[in-house]
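First comes the structure, then the notes that go with it.
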Ligand SMILES: CC1=C(CCC(=O)O)c2cc3nc(cc4[nH]c(cc5[nH]c(cc1n2)c(C)c5CCC(=O)O)c(CCC(=O)O)c4C)C(CCC(=O)O)=C3C
Ligand SMILES: [Fe+2]
């Protein structure tokens with residue numbers, strides 16, 4: 001099948017203090033997030049002048065991706081659209097239609113299945129096409145990449161570099177801790193294409209296992225961060241901050257934290273880890289190093305180009321786990337019956 005463009009689809013983030021509230025309202029519309037939580041998160045954004053780094057990081061990644069695609073001799077114009085903030089995906093897909101794009105691939109900036117990481121991006125695709133109406137391009141979303149060798153290698157190298165930042169005497173005993181965005185337990189019960197539940201947390205566990213194996217780590221933990229929602233609703237636990245306390249109580253002298261659940265050092269990473277988790281570690285005297293996300297590693301755009309190649313050249317999908325490949329479907333249709 002031929003494609004005449006690539007749409008880079010991301011979350012979006014505010015670029016000034018006056019944009020914080022309307023952005024948060026877009027993110028949480030109909031999601032049952034209490035106003036107190038929104039006030040708290042607004043403060044996190046305002047702490048950084050109301051500017052999330054996510055848009056700049058995405059533009060840097062796209063510039064490198066464009067360079068790599070050009071070097072491969074691919075003529076595939078790149079478009080940028082977001083779910084929650086400008087450039088909004090509806091506007092971008094409108095522009096694609098005006099430019100005469102008939103059929104495009106879509107890269108969504110999440111490695112995972114589940115509602116937030118996969119299905120909601122399918123909904124964005126369907127909503128954008130509906131908004132454009134007649135003449136909207138066909139949009140085929142690329143698959144989930146949590147077990148792609150380039151994702152695993154880039155995360156492993158970032159952990160190696162973070163470990164070097166710890167004092168030499170702590171490195172050997174430092175506990176490797178992976179974090180990903182918490183989601184409601186009910187949401188995590190959602191099955192994958194294999195029909196088995198907990199698709200999201202199984203993928204996170206598998207990616208963490210693959211990275212830890214590549215590092216020859218003695219042991220590792222998978223924990224969660226950035227919990228939202230009303231307090232009475234159970235979300236995946238333990239939280240990273242509580243986990244640092246628990247490790248300290250067991251006598252662990254240092255932690256290396258890998259935000260494997262995210263692909264760039266956006267606000268949830270720099271606030272929840274570099275502020276909150278780091279502060280807790282310092283308070284307890286626990287050594288703390290945070291690994292980078294894959295976004296600044298050239299292997300990330302390389303991975304995107306490989307996913308593209310699976311469609312344009314029928315390149316065999318490279319994956320390291322036995323979990324099924326999923327997340328790829330046209331025009332926002334579910335990727336498998338009951339999936340995500
Ligand atoms: C699984 C997952 C990912 C990873 C997969 C992926 O990357 O897609 C992710 C990424 C992100 N989440 C982000 C920001 C936010 N997420 C929120 C709220 C929520 N996230 C959820 C899940 C996820 N989120 C859920 C279940 C909610 C509750 C509301 C709902 O059920 O939908 C809220 C509302 C306030 C709050 O309650 O925290 C904000 C501001 C940003 C941008 C950061 C920046 O601006 O730099 C990014 C990349
Ligand atoms: Fe899916």
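Each residue's number is its place along the chain shown, starting with 1.
Placement of Cβ uses the backbone N, Cα and C atoms for every residue, glycine included.
Lifted from TrEMBL, the feature list:
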type: BINDING; residues: 52, 121; note: Fe-coproporphyrin III binding site
type: BINDING; residues: 181, 268; note: Fe(2+) binding site
Residue 121 (Fe-coproporphyrin III binding site) and residue 181 (Fe(2+) binding site), Cα-Cα, nearest whole angstrom: 16
Listed in sequence order, residues with CB under 8 A of residue 121 (Fe-coproporphyrin III binding site) and six or more positions away: 9, 83, 106, 108, 110, 141
